[in-house]
């Protein structure tokens, strides 16, 4: 079974496949408190349901399937029970999803750009992550992180974000596990071929960080999480660099690559 990585307590459309319910990092360890300064917690009145990535003081990138009404974003958070002094909360001022996205295909252009209602300040626990300067290389060791489930079957949400290292894999290693993947979906495949480390329910929208740059957005994967031969699927940020930069520059009519 394949699942979109959004919180399990949210309504998930019954499709032939679904995106990961806000998944937690399976097979990881508690993140160092200062290593996830760009990680954004997205929540509403029912609680946390997705993550995002701060790319500058006014903009956040997440997955399009994380779009929801009346959500807020928390910056600088670590423990959900103990506040950091520099935590900041913002509302979305504007949201941008690719105008040429095929709405009936959950994997197509799974990216959303959010303008904040006011800028956030850099601090000990808050800093933006750089957009990629070039495509990532197969074999790269990449970092995943999030407050998603840390167990693959029974949902177990941690108080703090978990992090893990995984490998960027060749598309050919993903195709057998995900025959529905098409080249036009512009995705990356990352994980451990033998399984054991993966994003999971609650991690949707969070970053895949390779060589210190923001290369992927948690989008899609298998359920249970962490299966062998079924790594996670991530939206390729590099392919949307021009769209992101155009929107930020004020060209709100910009379209995404086909």
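Glycine too: its Cβ is placed from the backbone N, Cα and C atoms.
Computed from a predicted structure; not experimentally measured.
So that you can see what the record holds, here are the features copied from Swiss-Prot:
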type	residues	note
ACT_SITE	65	active site, charge relay system
ACT_SITE	110	active site, charge relay system
ACT_SITE	204	active site, charge relay system
DISULFID	31-163	disulfide bond
DISULFID	50-66	disulfide bond
DISULFID	98-256	disulfide bond
DISULFID	142-210	disulfide bond
DISULFID	174-189	disulfide bond
DISULFID	200-225	disulfide bond
DOMAIN	25-249	domain 'Peptidase S1'
CARBOHYD	44	N-linked glycosylation site
SIGNAL	1-18	signal peptide
Over the domain 'Peptidase S1' (25-249), what is the model's mean pLDDT?
96
What recorded positions in the list 98, 110, 204, 210 lie within 10 angstroms of residue 65 (active site, charge relay system), counting C-alpha atoms?
110, 204
In Å, rounded, how far does the Cα of residue 98 (disulfide bond) sit from the Cα of residue 110 (active site, charge relay system)?
9
Can you give me the Cα-Cα distance between residue 174 (disulfide bond) and residue 204 (active site, charge relay system) in Å, rounded to a whole number?
19
Distance between residue 210 (disulfide bond) and residue 44 (N-linked glycosylation site) at the Cα atoms, whole Å?
30
Nearest to residue 110 (active site, charge relay system) in three-dimensional space, by Cα, is which of the recorded positions 31, 44, 66, 142, 189?
66
What's the CA to CA span in angstrom from residue 189 (disulfide bond) over to residue 163 (disulfide bond)?
18
How many neighbouring Cβ atoms, not counting its own, are there within 10 Å of the Cβ of residue 98 (disulfide bond)?
19
DSSP three-state assignment for residue 256 (disulfide bond):
coil
Most Cβ neighbours within 10 Å: which of the disulfide-bonded residues 31, 66, 163, 225 is it?
225
